[in-house]
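Undergrad: If you scroll down you'll find the structure; I have some questions about it.
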Amino acid sequence: MSNSWWPLHMSLATFLIIMSLLSFLKGCFKLINCILLLPAMVIFFLWTRDVSRESVFQGNHSRLVAASLKWGLIWFLFSEVWFFFGIFWSFFHASVSPITTGNNTWPFVGLDIIPPFQVPLLNTIVLLMSGVTATLSHHEVLAGEKSMWLFYSLLLGIYFLMLQGMEYYSSLFSISSSVFGSLFFLGTGFHGFHVCLGAVMLFISFLRVNMNKLSLSHHFFLEFSLWYWHFVDVVWLFLFFWVYVWNNF
């Protein structure tokens, strides 16, 4: 396998995303902030294309390489678990001990929080359905068939993001509305970013499945995409019950 410049490019694109986020948090929301998300998406797409070429056309992915990739995925998901664990820790620290972060009430007085059994519940159903269709696609691939279930999962993921955007637009509080608002938008916003990344992975997997670039014995990227998507599902369940439901009782 040849050396790759894509990790360096992705690091620079991630830096642009962080700078865009900091600019947004300071109240400077411009079109350029959204455009700065595109390089990471394009680089990720091109990076996976090169990995696909090395695997399918050059045959460079031996069992050792495949095992290394799987362990890399496991450690990546492990780091993501701790990332969201930090967000939940901050949330519970602020909510269980509101006397240290506010006026001894949680959520703070005056915040009109989002009802959990409206759009958030619909979002939960949509994301769980996308997980089911993703699993069905895996079974079809293992049976040696082409699958449209991945495309349905992709559509459901996009629908989830649209509902999340509508929820943000109609909410009566912002990221600067106390600790609750900051943690709410931090947790759900970063989860939304992971949904965007997972949708790109599902799209690439859908193309590879229907272009016959995956085999029964070698379909690591599809498994990678499905593991990541199910991880996104599980994180959302925690967000739904702890951030939406628990704060309404």
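Each position is counted from 1, following the chain as shown.
Note: Cβ is positioned from N, Cα and C throughout, glycine not excepted.
Positions annotated as domain 'Heme-copper oxidase subunit III family profile' by TrEMBL: 1-248. Among the features that TrEMBL reports, transmembrane segment is placed at 6-24, 31-48, 68-92, 113-137, 149-169, 181-207, 227-246.
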Undergrad: With a Cβ cut-off under 8 Å, give me the same-chain residues at least six positions beyond the ends of the transmembrane segment (6-24) that come close to it.
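TA: Cβ under 8 Å, 6 or more out: 30, 32-33, 36-37, 39-40, 43-44, 46-47, 50.
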Undergrad: Thinking of Cβ pairs under 8 Å, which stretch from 31-48, 113-137, 149-169, 181-207 has the most of them with the transmembrane segment (68-92)?
TA: 181-207
